[in-house]
Amino acid sequence: MSPKAPMVKLNNGLEMPVLGLGTWLSKEGEGIEAIKAAIDAGYRHIDTAYFYQNEKEVGEAIRAKIEEGVVSREDLFVTTKLWNTYHHPDHVEQAFQKSLENLNIEYIDLYLMHLPIGYKFVDWDPKNLMPYDADGKLQFSDVDYIDTWKAMEKLLKTGKVKSIGVSNFNSEQITRLLAECEIKPVTNQVECNPSLNQRKLTEFCKDLDITLTAYSPLGRPNYYEKDPDNMPKPALDDPKVIEIGKKYNKTSGQVILRYLVDIGTIPIPKSSNPERIQQNIDIFDFKLTGEEIETMDGFNTGQRTVPFNLCTSHKYFPFNAEF
């Protein structure tokens, strides 16, 4: 199957598919099958993270598809992330090396700083990625994300990673990073969906030639069902979205993903369902009108499904800024 998603050029001259497969909360065997199905469906962009604890499965699925001759390593764009416990400059390279070994796919296309917030480093045991104290309070480190980024810049010289970027950064943090560091992030990966459409942050990043990658692009329907009082209602079941879908013979999910591409983001929907995986990438044969984009803009409330509530007291908590 040939690649389905068009490419977007990054500020370092490399290219990234404009839609990818998210893998957060992918269960072991299920994750492997989902990635294989995605590659067969034409996905060439896979997003994982050390924190997801599924890098080995991601790598296994990718190697299987390379072995089958479906893709070559060069056809794929693979992203993983530096976890918060490894922000100290002395830990960055070793953390990266662990992800590279887990994936076992020669090199990593994009390495992101998962959050601007550092957690206390305990040891290298993956069981200690959320370091709580005896009272159940999350323990932070005060490492400056600028120092973490400078250590990430050094990784580029190894040739084992092609691009570096950030995740969950606000506009002020990106401005500070650009003022104090040498290498510009190629992307900022943030929650972005109709309820939180990130228009201002997308525009801000675009002006700096930084892409915006959209995680949780469909909202979180399963979280909303469990906690409708505190979670934004996903646009998936809204009659206005269903109506737009009927016009193009598309599902609500396809309409939402097309909207996110049309407003300049790179969505990475997560699914383990082969049919849904196929649907999610079949969005490049239609385009929303200006009026339809306005309708979709109407769902924006600014409410997050991933608020990182445990981190609100940290000095680098990103979500107090306007965008």
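The backbone N, Cα and C atoms fix where each Cβ goes, glycine too.
Annotations in TrEMBL come from automatic prediction, not curation.
As annotated by TrEMBL, active site, proton donor applies to Tyr52.
Annotated substrate binding site per TrEMBL: His114, in sequence order. Listed in sequence order, the residues of the same chain lying 6 or more apart from His114 (substrate binding site) and placing their CB within less than 8 Å of its CB are Ala49, Tyr50, Phe51, Lys81, Leu82, Trp83, Asn84, Ser167, Asn168.
As annotated by TrEMBL, domain 'NADP-dependent oxidoreductase' applies to 19-299.
Residues or ranges marked as site 'Lowers pKa of active site Tyr' in TrEMBL: Lys81.
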Cβ neighbour count (within 10 Å, all chains shown) around Lys81 (site 'Lowers pKa of active site Tyr'):
24
Tyr52 (active site, proton donor): tally of other CB atoms within 10 A of its CB:
19
